[in-house]
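A.B. asks: Quick one: this structure, given as structure tokens, is what I'll be asking you about.
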Amino acid sequence: MQPDPQPHGRGREKAAGAGPRLPPPVTAPSVGRPASVLPHKTANVRDHYRIGKKLGQGQFGTTYLCVGKPDGGEYACKSIPKRKLLCREDYEDVWREIQIMHHLSEHPNVVRIRGAYEDALFVHIVMELCAGGELFDRIVAKGHYTERAAALLIRTIVGVVEGCHSLGVMHRDLKPENFLFASTAEDAPLKATDFGLSVFYKPGDKFSDVVGSPYYVAPEVLQKIYGPEADVWSAGVILYILLCGVPPFWAETESGIFRQILRGKLDLESDPWPSISDSAKDLVRNMLIRDPTKRFTAHEVLCHPWIVDDAVAPDKPIDSAVLSRLKHFSAMNKLKKMALRVIAESLSEEEIGGLKELFKMIDTDNSGTITYDELKNGLKRVGSDLMEPEIQALMDAADIDNSGTIDYGEFLAATLHMNKLEREENLVSAFTFFDKDGSGFITIDELSQACEQFGLSDVHLEDMIKDVDQNNDGQIDYSEFAAMMRKGNAGGANAGGVTSTGGTGRRTMRNSLRVNLGDILKPNEN
């Protein structure tokens, strides 16, 4: 990942006469890490809450179930390791996230913050528990939905955008995964979560740091001069996916996706669009106008007939093929992650000899794991000129559990070149690992065993099979497995197995999408 040429943390160009950012940033030393994230000492989170089971693993922290000691109420606690915060700007990012959650806490469709706590190792954000699951998962589980249902969802999503903008907040990472239902009840409200990339802004402010998630990022973000209009584009992408099951602009690589976003044609003609109402298509067009000055504002979206008038959005079920595509799109391909790790650990001593010695040299305390500081110091000793964000990206590609350390196998998976991982004998070796009975096929039972070995839970095994199973026989043969491993690796896939559609880097979040405009703007190869 190449750092942006501008200084880290400088991402905004002020319009003439624009005032200072509100609220003011944390008072901190101008260099190095500040003493704390929060501007005041806090109680220990465990004095007020019992921390329970892990609910989820994000890129920036781990979320746990917690129970309030006074009231017995259930909440979510997001714990962010402070060792992941490398500099003053990272500390400010976390503090800003907390401020923004408080700032928006009265909105009925924003997850409500309960409080923030800090100790020597973590910042803990306690918030409302949303136990109803992600937006797309609910739709897929239900098995059918209508344009009218999609209109209600978009009304909620864009209502959050309008609420943010009216309070001087830009979300900057709107995507379906960041919307959760409050409970499993049929009428549970949809809530926006994860304000880790959000910023305060004033009218006229322009930003230049490239953040977000590939399918949902607006073209002006890629061009590094944007404002709150970018949130409306992202909401428009969600609407497009709700209506047809796939993103409007897609390709096999990140750079290909970005090229399509900048100049690809918006398809509103092929199936299922002929059966979608003209009013819905009109709204999609106006939310996905590349010129942000001509794009609908959030308020204009909420005033559109398709949103306002229940009679305009048809109540007939949307084609079941859309639901099927939506299911596949939203299912994460965990199989590839596991396979990359298997290959990395089975390579020959000759291929990994240098890396093995490097690992030993970096692991100064011979613990069998390396920390960020050990990695940074070790690379410096061998003359590496990697910048801190690049070292952190290397670390984080392997540190899947946010433990702050990586073991030998993880180190290999994160540092080996993709061409070694793709060699035929290595693919055969990885396939054999999953094909426990040597039948020549990976079955759903064998996948289940592998997931258990890798500590993966809540995995949709059927979807993992379907993502790869080209001939629809319910299992994965070698040719299908090899095609999956080679798919999408051109143009900067990383050997750590982090999917190209997985959003931003780690806590050092600015300029986190690997955007090379020269690469994006080159002529299409097809």
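The backbone N, Cα and C atoms fix where each Cβ goes, glycine too.
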A.B. asks: What range among 127-157, 282-312, 313-343 does Swiss-Prot record as region 'Autoinhibitory domain'?
C.D. replies: 313-343
A.B. asks: What other residues of the same chain, not counting Asp363, Asp365, Ser367, Thr369, Glu374, have a CB atom within 8 A of the CB centroid of the Ca(2+) 1 site?
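C.D. replies: These residues sit around the Ca(2+) 1 site: Ile362, Thr364, Asn366, Gly368, Ile370, Thr371, Thr405.
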A.B. asks: Looking only at the domain 'EF-hand 4' (460-491), what is the mean pLDDT?
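C.D. replies: It averages 77.
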A.B. asks: Please state whether DSSP places Asp437 (Ca(2+) 3 binding site) in a helix, a strand or coil.
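C.D. replies: DSSP call for Asp437 (Ca(2+) 3 binding site): coil, neither helix nor strand.
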A.B. asks: Take the Cβ of Thr405 (Ca(2+) 2 binding site) and count every other Cβ within 10 Å, whichever protein chain it belongs to.
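C.D. replies: For Thr405 (Ca(2+) 2 binding site), the count of other Cβ atoms within 10 Å is 19.
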A.B. asks: Look up Glu446 (Ca(2+) 3 binding site) in the DSSP assignment and reduce it to helix, strand or coil.
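C.D. replies: Once the DSSP labels are grouped into three classes, Glu446 (Ca(2+) 3 binding site) ends up as helix.
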A.B. asks: Since the record lists Asp173, Glu446 as recorded positions, which of them has the fewest other Cβ atoms within 10 Å of its Cβ?
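C.D. replies: Counting other Cβ atoms within 10 Å of each of the recorded positions Asp173, Glu446, the minimum falls on Glu446.
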A.B. asks: Measuring Cα to Cα, how many Å separate Leu55 (ATP binding site) from Gln475 (Ca(2+) 4 binding site)?
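C.D. replies: With the alpha carbons as reference points, the distance is 30 Å.
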A.B. asks: Would you list, in sequence order, the residues of this chain other than Asp469, Asn471, Asp473, Gln475, Glu480 that have their CB within 8 A of the centroid of the site's CB atoms, where the site is the one recorded for Ca(2+) 4?
C.D. replies: Phe441, Ile465, Val468, Gln470, Asn472, Gly474, Ile476, Asp477
